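Taken verbatim from Swiss-Prot:
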BINDING   Cys6, Cys9, Cys39, Cys42  Fe cation 1 binding site
BINDING   Cys126, Cys129, Cys159, Cys162  Fe cation 2 binding site
COMPBIAS  56-65  compositional bias 'Low complexity'
COMPBIAS  97-109  compositional bias 'Basic residues'
DOMAIN    1-53  domain 'Rubredoxin-like 1'
DOMAIN    121-172  domain 'Rubredoxin-like 2'
REGION    56-115  region 'Disordered'
Amino acid sequence: MAKYQCPDCEYIYDEVAGHPHEGFPPGTSWETIPEEWACPDCAVRDKADFVVIESGSASPASGAATPEVRTATTPPKAEASPQKSTGASTPSANNKAKAKAKAKPARAKSSKDSTGKETTFRKWICITCGHIYDEALGDETEGFAPGTLFEDIPDDWCCPDCGATKEDYVLHED
C-alpha cells in the first residue's frame, strides 16, 4: 500500500488508513479513487497532482528527510514548508487571505436555553472555500440541530463543501 501527498497543502492519502469521511474505507487503493476527486484539505489540487511519497514496503533512502505524515485528522504544522509556495498568487493563498480578511469577531445572535441562561450563537467560515457554519441554524444534513455550537461539533468533522478540516474555520462577521 502506498501514500500520496498533495503538493499544495501536504495532505497525505494513506491507502492503509483510507479516508472514511470522503467515503474511502481503510484499504482503498489509489486507483479506485475517482479521477475527479480533489484534496479534502485544500480542494485546490486534483488527484492527478498528488505525488507518491511511499510505495509498498519501500522505505525512504537513508539520510533522506522523511516527510511529515498528515492524515485527515492530523492538523498541519504551524511553520511553512520550504518547498511550498507562500506567495499570495497561489489559489489557496488567495482564498485564505480573503477569508482571513473577513475573520472578525462575529455579531452574535442569542437565545435562552432550557436553563434560562443566554446562549450566544456565532458564525464560522471555512478559509478554504467560504462555507459558513451558523450555530443558530445548525446543519441538519450534517446531523447538527439548530443551536449546535461549533465547539460541540466533532474534531474529525470536515467542511461539507470542500472537505477542509474543522481547524480551517475561523469566526466570521456578516
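Backbone N, Cα and C define each Cβ position, glycine as well.
Overlay of Swiss-Prot annotations on the structure.
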residue: Cys6; record: Fe cation 1 binding site; DSSP class: coil
residue: Cys39; record: Fe cation 1 binding site; DSSP class: coil
residue: Cys126; record: Fe cation 2 binding site; DSSP class: strand
residue: Cys159; record: Fe cation 2 binding site; DSSP class: coil
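Across all of the domain 'Rubredoxin-like 1' (1-53), the predicted model scores a mean pLDDT of 89. Cα-Cα distance from Cys6 (Fe cation 1 binding site) to Cys162 (Fe cation 2 binding site): 15 Å (rounded to the nearest whole number). Comparing C-alpha positions, Cys39 (Fe cation 1 binding site) sits nearest to Cys162 among the binding-site residues Cys126, Cys129, Cys159, Cys162. Look at the domain 'Rubredoxin-like 1' (1-53): DSSP puts its residues at 9 helix, 13 strand, 31 coil. Counting only the Cα atoms, the space from Cys9 (Fe cation 1 binding site) to Cys162 (Fe cation 2 binding site) is about 14 angstrom.
If you measure from the Cα atom of Cys129 (Fe cation 2 binding site) to that of Cys42 (Fe cation 1 binding site), you get 9 Å. Among the binding-site residues listed (Cys126, Cys159, Cys162), Cys162 has its Cα nearest to the Cα of Cys42 (Fe cation 1 binding site). With the fewest other Cβ atoms inside 10 Å of its Cβ, the least crowded of the binding-site residues Cys39, Cys42, Cys126, Cys162 in this structure is Cys162.
Residue counts for the domain 'Rubredoxin-like 2' (121-172) under DSSP (helix as H, G, I; strand as E, B; rest coil) come to 9 helix, 16 strand, 27 coil.
Counting only same-chain residues at least 6 apart in sequence, those with a Cβ under 8 Å from the Cβ of Cys159 (Fe cation 2 binding site) are Cys126, Thr128, Cys129, His131, Thr165, Asp168, Tyr169. Using a 10 Å Cβ-Cβ cutoff, Cys9 (Fe cation 1 binding site) registers 22 neighbours.
Same-chain neighbours of the Fe cation 2 site beyond Cys126, Cys129, Cys159, Cys162, judged by a C-beta within 8 angstroms of the site's C-beta center, are, in sequence order, Ala43, Thr128, Gly130, His131, Pro160, Asp161, Gly163, Ala164, Asp168. Cys6 (Fe cation 1 binding site) is surrounded by 23 other CB atoms, counting those within 10 A of its CB over all protein chains shown. Every protein chain shown contributes to the tally, and the Cβ of Cys129 (Fe cation 2 binding site) ends up with 17 other Cβ atoms within 10 Å.
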